[in-house]
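Peer 1: According to TrEMBL, the record shows the following:
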- B:105-310: domain 'ABC transmembrane type-1' (DOMAIN)
- B:1-33: region 'Disordered' (REGION)
- B:45-70: transmembrane segment (TRANSMEM)
- B:100-130: transmembrane segment (TRANSMEM)
- B:142-163: transmembrane segment (TRANSMEM)
- B:183-214: transmembrane segment (TRANSMEM)
- B:287-311: transmembrane segment (TRANSMEM)
Amino acid sequence: MSSPGSSRPRRARTVAAAATLALLAPTACGSGEESGSPTINLYYPPEQSMQEVVDACNAQAQGRYRIAYRVLPRQADDQRVQMVRRLAAEDTGMDVLGVDVTWTQEFASADWIREWTGEDAQEAQRGTLAGPLETARYQGKLYAAPKHTNVQLLWYRTDLVPQPPKTWDEMIAQAQQLKGQGKPYRVITMGAQYEGLVVLWNTMVASAGGQILNTEGTKVVLDDGAVKALEQLKQLATSGVTSPSFANATEDPARLEFQSGNGAFQLNWPFVYPALQEADPELAAKVKWARYPGVDENTPSRATIGGSNLAVSAFSRHPAESFEAAKCLRNAENQKISAVKGGTPPTLESVYADPEMDEAYPMKETILAELKDAATRPLTPAYQNISTVISAELSPPSAIEPDRTAKDLRRSIADALESKGVLP
Amino acid sequence: MSGQSGTPLGAELAIEETERAERAEGRRRRRRAPLSEGRRAERRLGWLLCAPAAIVMVAVTAYPILYSVWLSLQRFDLKFPDQREFVGLENYVTVLTNEYWWTAFGVTLLITVVTVAVELALGMGLAIVMHRTLVGRGLVRTAALIPYGIVTVVAAFSWRYAWTPGTGYLANVFGDGAPLTDRAASLAIIMLAEIWKTTPFMALLLMAGLALVPDDLMKAASTDGATAWQRFTKVMLPVMKPAILVALLFRTLDAFRVFDNIYVLTAGSNQTSSVSMLAYNNLIRGLNLGIGSTMSVLIFLAVAIIAFIFVKLFGTAAPGSSDEEKR
């Protein structure tokens, strides 16, 4: 870079410094811009079919922009930490962000993502399921477009269980009966001190008709339903039907344990189904699915939704193209590709009707039914902190004392909401 | 008996005596001697040469420290940028009355005390072995240093897999079950990993101290009939004292900031967080700059107190200071 003729050291140094800075600068300002079509940096978790979707959108854009798929780390926590760190530093190198449903409010409150307005907002809402759409709103405004959703089902062994249980109590009773007969009996699900435990409890709270926060997400409620859910969780953990590693189980170990044939029931996300078919087709043939069990006999369960939303960074230099790219990445055609090849349930109701979905999602009717009255986790910017204190207070589930735990939870959630709390 | 141990003790006293005299002499000289013109110019040049380094140090260490003190006096949560305000010492009250903080503090102290004590004993043994080895000395020393050379996070991952049922060879050693889900077992594993990693470092520092022990002194002691234990406690340890204290100081400060082993092994679940983990959780994951900075400042103070205790009460020489005085 420095011309050999220039002998003045200072100039050489300036050039060198500039070169270094250019190297250190985010990749965004590099490629693409000279040719007139901006590069849209999509920061999204690793997903099998995502590159295919990105390619489809790039073809559709016809040179107006080009999406570059930057893969985030695999762990949700690491994904969030990377994005948060860069957004806090007002990094212009991020354009479209794959934001977990539980982070959307946080990012919106911190002024890190842009509001969806006008035609963009209308398109993001048209035909989108209500539950996922709710996770993309903050204070009545839309801040993201739901990309995909997810919901857990009850997986059970038809050779052991003739009729899937409707409630937890029923399931525990069935498991105890199987145990008495010396058959595989375990109820397998995630009980480690992490988000999975919070999802389990949140589902029980919603199924019992309870609430953790008020509707605005500003105050703790933790009503009788929530206390009832605490009782239910303790009952599950102490009735002798869970696996010994329940208090340390996360999604994948739970799946593996069910695959090894120890369980009669598994409560887990739909990814377990293709995995089981691949690992043990014989067992897979005996496994069916049903709606997630409820707490009360006459009230159907309300399962917690997961999934991901697409948001546009507040520091993006190309907001118009970013909104367009985000809309493309989640349109019906591409959601179908993601669902069929990547295994992520769509947020657009119409996609479920597509016959191509039948093979990838034989359980799509059950998923759709659960999604229609699904529960969300508390929608507040402080969710991450709330989740951390909840999982700490609930762990291990066998040690829950409903009234005392509820009291502790009320205090620590209130502290977390006011940024006063200390995270364990 | 008294005659036997007389010589080594006397030698030790003599060494201390001369050292003290030298130090006093240095002090006197510094106070009195008026500086000559040339010497003053030299000193000015010295300052000039130091200045860039000093400025960089101030920029990279003093500024962040002061900034976190400033942050610790505010309610400042990145999630709620509009609610930033000055709250005085409120964050300190919040942290210092919080049970999570004190649990983490207890865990940190436990890890520090246990690991440093064990490391000192093991490291001393290892140092003596390495010092005495006649065959393959270089090889032995290199081999002993391998654990210290492995990146902590990498080592921690292999420990984690080793202790995980299914993937690990250690998980079922003590009955079946997952040791990393149990608090006491997790803490023991964390301490084991720490000790495994840093004992070589301790041994290396102690070996440098061992090299200070004059062979003549040892020979004299054994001629006088001192047993091996007496030679160790009455000759070696006193001579090695500065080296031992420096090793203890370094390791204590290090151990107090324990982070990576815990982060990988348990991520702080089951109340195994150290104070550094807690600060990370609140600062980086919780985005709470106020509370997180408060914790950082408290950790900084704790480390400063530890260093002060070692330097002032035990008389550990800060690196380089004793040299300067002798010159």
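Here the Cβ of each residue, glycine as well, is placed from N, Cα and C on the backbone.
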Peer 1: Restricting to CB pairs under 8 Å, which listed stretch, B:45-70, B:100-130, B:183-214, is in contact most with the transmembrane segment (B:142-163)?
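Peer 2: Out of the listed stretches, B:183-214 contacts the transmembrane segment (B:142-163) most.
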Peer 1: Using a cut-off of under 8 Å between C-beta atoms, tell me which stretch among B:45-70, B:183-214, B:287-311 contacts the transmembrane segment (B:100-130) the most.
Peer 2: B:183-214
Peer 1: Can you name the far-off residues of the same chain, 6+ from the ends of the transmembrane segment (B:45-70), with a Cβ under 8 Å from a Cβ of it?
Peer 2: 293, 296-297, 300
